[in-house]
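Colleague: Below are the features I grabbed from TrEMBL:
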- 58-112: region 'Disordered' (REGION)
- 66-79: compositional bias 'Acidic residues' (COMPBIAS)
- 170-211: coiled coil (COILED)
- 240-305: coiled coil (COILED)
- 319-647: domain 'Kinesin motor' (DOMAIN)
- Gly404, Gln405, Thr406, Gly407, Thr408, Gly409, Lys410, Thr411: ATP binding site (BINDING)
- 675-716: coiled coil (COILED)
- 917-973: region 'Disordered' (REGION)
- 963-973: compositional bias 'Polar residues' (COMPBIAS)
Amino acid sequence: MEEEGSGAAGWVGLGLVSDVDLDGFVHHRAGDASPGEVAAAEAAPVLVRKTVKMSETCDFIPYGDGDGDVGDGNSEEDSTATPSDEPLDSAGSSDVPCEETNDTPDYIRRGAPRHGIAPLELFSHPAPEVGPGADGAQEATIGSGSVHETLHADEEKGKCNCCGQLKQEYSLLLREKEECRRVLEDLMRENELKNRECHEAQASLHELKMELMRKSMHVGSLAFAVEGQVKEKTRWCQLLKDLSEKFKALKTEHQILLQESLECKRFVSDATHMTTTIQQHVNQYASLECEFKDLKEKFAGKTKERKDLYNKLIDLKGNIRVFCRCRPLNGDEIEEGASVAVDFESAKDGDGELVVRGHVSSKKVFRFDSVFSPEEDQEKVFEKTAPFATSVLDGYNVCIFAYGQTGTGKTFTMEGVEGARGVNYRTLEELFRIIKERQGLFQYEITVSVLEVYNEQIHDLLLTGTQPGATTKRLEVRQVAEGAHHVPGLVEARVTSMNEAWEVLQTGSKARVVGSTNANEHSSRSHCMHCVMVRGENLMNGEETKSKLWLIDLAGSERVAKTDAQGERLKEAQNINKSLSALGDVISALATKSQHIPFRNSKLTHLLQDSLSGESKTLMFVQISPNENDVGETLCSLNFASRVRGVELGQARKQVDVGELSRYKLMAGRAKQDSKNKDAQIKTMEETIQTLEAKNKAKDLLTMNLQEKVKELEAQLLVERKIARQHVDNKIAQDHLQQQSSPYLRSPMAERNLNLNSTSEKPALLHHKDMGITKQMFSDSNTDTYSFHHLMSLSPEKENSHPEAGGQLLQPTTQNRRVSLCQGAAHRPPANPASRRSSLIPLPRRNSLMLPLPPPMAKQAAAAAAALDVITEQCSPPPVVAPNDKAGGRSKRIINSILRRSLQKKVIIRPALAAQSGRRAAATQGGGGMMTDAGRRARRVPVSGGARGGGVQQNRDKERGWNNGTSLRQHNL
Ligand SMILES: Nc1ncnc2c1ncn2[C@@H]1O[C@H](COP(=O)(O)OP(=O)(O)OP(=O)(O)O)[C@@H](O)[C@H]1O
């Protein structure tokens, strides 16, 4: 306070000197001050003696004081306000020692020692003689008054020398004064320039404030609108997200439905194909069935025709056929010279006549179906037997037996020997051959049984095994059905081939009871009966037959007396004859068509009942011996055979299996049921296919509807987006139009920019341009508009992939905007002035919306804008200037140099002002001490005054928010 007051006084003193008329002198009061102070006080008027007017000095405004209380051209206020605001401390000022500072002019310091007085005293003495000019006269007038009071006459010479020196000093002082005057003039001009700059800066600052307020209001409205749009956008984004999810779900469902549709289509296609195939197969099956039916009918007709013809042939030949076969003479008979009693000459013609010569030159002719001489072999015999094998497979019962005297070749004919197989073997072979031939048309099942009737007992030869003569179980004949007889417990060996059948027959034949007789070394003592059961199935019509073939090797008939049988052999012979007699009785009964056929008289006829009845075919081989000695047995056998041949068995009947027929009917019913079931399945499949097709169509329709719905929603969303954008644009345009209607809000900066932009001078285009510019401002100002567009351009997938992105992007932006609008602009300066351009407040643009100002104002505005640019650049933090920013550093260096020069000049100027102020205070108070203090402390004013005044100014600058950099530089300086 003390130094500040002193400094102010010093300035005031200088000001007073300027105000007063410089033609007068200032006298020193020796009693109130020390000599040094007096000299300084008296020297001061000399120093500030000038011709500058007060108005010039009053125009000077200390640097940084922009509040209008100084430098406004009112010198009276300046000179009086400074002491009143900062009163001088008289006590303190008197305590300040009078010391010679560095600011003391050199000529004062040089002149004082020479004259033995204080430097300021030199200025208190009047100049003795001066040079030409008004000033010299004036100085001479002053000097005459003081010389006559102090000097004596005897000191004339010394005075002359002193006057000379004083003149020189005076001339030096005049030159110094002239220099000071020029410096003061420069300072005044600079002061005036600075004052003008300050005015301009103040005007610009005011305009900036107004612009800032207007922009803040504009940004506030924009923020409100954008906030609403952001909310709307959020809602739309949420709606879009929901729609996207729905669309995805619908897409997924559509894909599933599509796959199901494809599967259904494939299924329908397959089903159609299957239906077509099934239909084709059904048609083919129907055609084949018809064809098969025709063929079957034809085949059945032909088969029936063949059977009928065959049966007619058999019938024509007789159901009981008798073949007569004569064995050759054996070796013994040839040795004995036995003669042949049988004549086969007539038999060679095929008539079947046989002539037997008796002992008494008589001949007896027999006629049989076939007569085989001893020369005819087994094959020849079988040729006539083979048709019976066919009849067996056709379902007829056949009985082939050999009858004859012992040793006449019955066994040889039926069984044969190795290399000459008999009828049994060949018949079986023929059976299997025909079965193989009929394979595919018929299916047969062959079983074989071997039994014997020995002593009127039925024995199963397959049970006894290979041990001949072993005791076997006795079997009985039972009638199982009408016309059908069966031996319960009889072994029936199933055979599938000729070898198996022959092996079984051989097994049973080996077990047959044989014995040695006089007529035959290996005479058969029993009736060996081979029963071949045939079960046939016509695969074409399902007809089944069950027939049997008896192959019987009867025991030899013999006369007991001739064979001289005794004991067992006799008994065997009696039983054999009995059974053969019973056979003869049956045949006789059949021949006479007796009502009663004695089948049960013997086991043999009982077993052959179904084969000797009228429904069977019978073939009898009557075996005879050619030996003349056996003519009686031969005639007996031939007579019996002739009687058998005369028997009419009637028409043979086919043995149809009724059970198989019913089974066939059952199978036919099942086949019909299966066909119905298949038809029902096909119908169900067709219904399922139709249902799936309908379902598929419904799903396709639903998918199409959903797709159309999604498209409508997307279109609606686009329209609402456009409406929202138009709403924002309209609102911004309205705000700008309102701002245009308020000309006092025009910014000089905008005015300058408008002047620079020629296109902005066209009012007609202004509105449209403003709309575009507004959009551009809205989009280029790094504000929410960017976020808005960015968000609007976000696809649902992006939002889904970064769900927090939108919110993070939105939230901080909105918050930043609120902070910059409410706090930064209205209540506090920006925390970081450098970020001001990146804030939400849009800076003035060259193509601003402001209308052009009048030309004079435009010039001022342009100048203010230039100054504002410089100030704005200074507002940015100077210490943190980027070293790489050469242009910015250069401009800042220039600005710093300007400020430094300005402050240096202020340092020089301020003591003068302080002295002026002090002088004014001294004039009003009449105290020279105050003036002296003021002048003495004037040197400290820049430092102390800068500290306090700079602090006040800094606070003001802080409030204004733009001059911080300058204040800081003041401190640094
Ligand atoms: N046609 C023939 N050709 C050659 N040899 C024959 C013929 N007929 C029979 N024989 C022979 O006569 C013999 C007796 O024959 P076989 O045993 O067949 O008589 P049989 O009538 O069966 O006698 P039995 O009634 O006692 O059994 C056998 O040795 C046999 O080889």
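Just so you know, glycine gets a Cβ as well, placed from its N, Cα and C.
All annotation found in TrEMBL is predicted automatically rather than curated by experts.
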Colleague: What count of other C-beta atoms do you get within 10 angstroms of the C-beta of Gly409 (ATP binding site), across all chains shown?
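Modeller: The answer is 22.
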Colleague: Can you tell which of Gln405, Thr406, Gly407, Lys410, Thr411 has the most other C-beta atoms within 10 Å, given these are the binding-site residues?
Modeller: Lys410
Colleague: In sequence order, which residues at least six apart in the same chain have a CB under 8 Å from the CB of Thr408 (ATP binding site)?
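Modeller: For Thr408 (ATP binding site), the qualifying residues are Cys326, Arg327, Gly556, Gln623, Ile624, Ser625, Asp630, Ser637.
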Colleague: Ligand 1 is in the model; which of the binding-site residues Gln405, Gly409, Thr411 have a C-beta less than 6 angstroms from one of its atoms?
Modeller: Gly409, Thr411
Colleague: When the pLDDT values for the coiled coil (240-305) are averaged, what is the result?
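Modeller: 84, rounded to a whole number.
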Colleague: Return one of helix, strand or coil for Thr408 (ATP binding site), based on DSSP.
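Modeller: Where Thr408 (ATP binding site) sits, the three-state DSSP reduction gives coil.
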Colleague: Once the chains shown are all counted, how many other Cβ atoms turn up within 10 Å of the Cβ of Gly404 (ATP binding site)?
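Modeller: For Gly404 (ATP binding site), the count of other Cβ atoms within 10 Å is 29.
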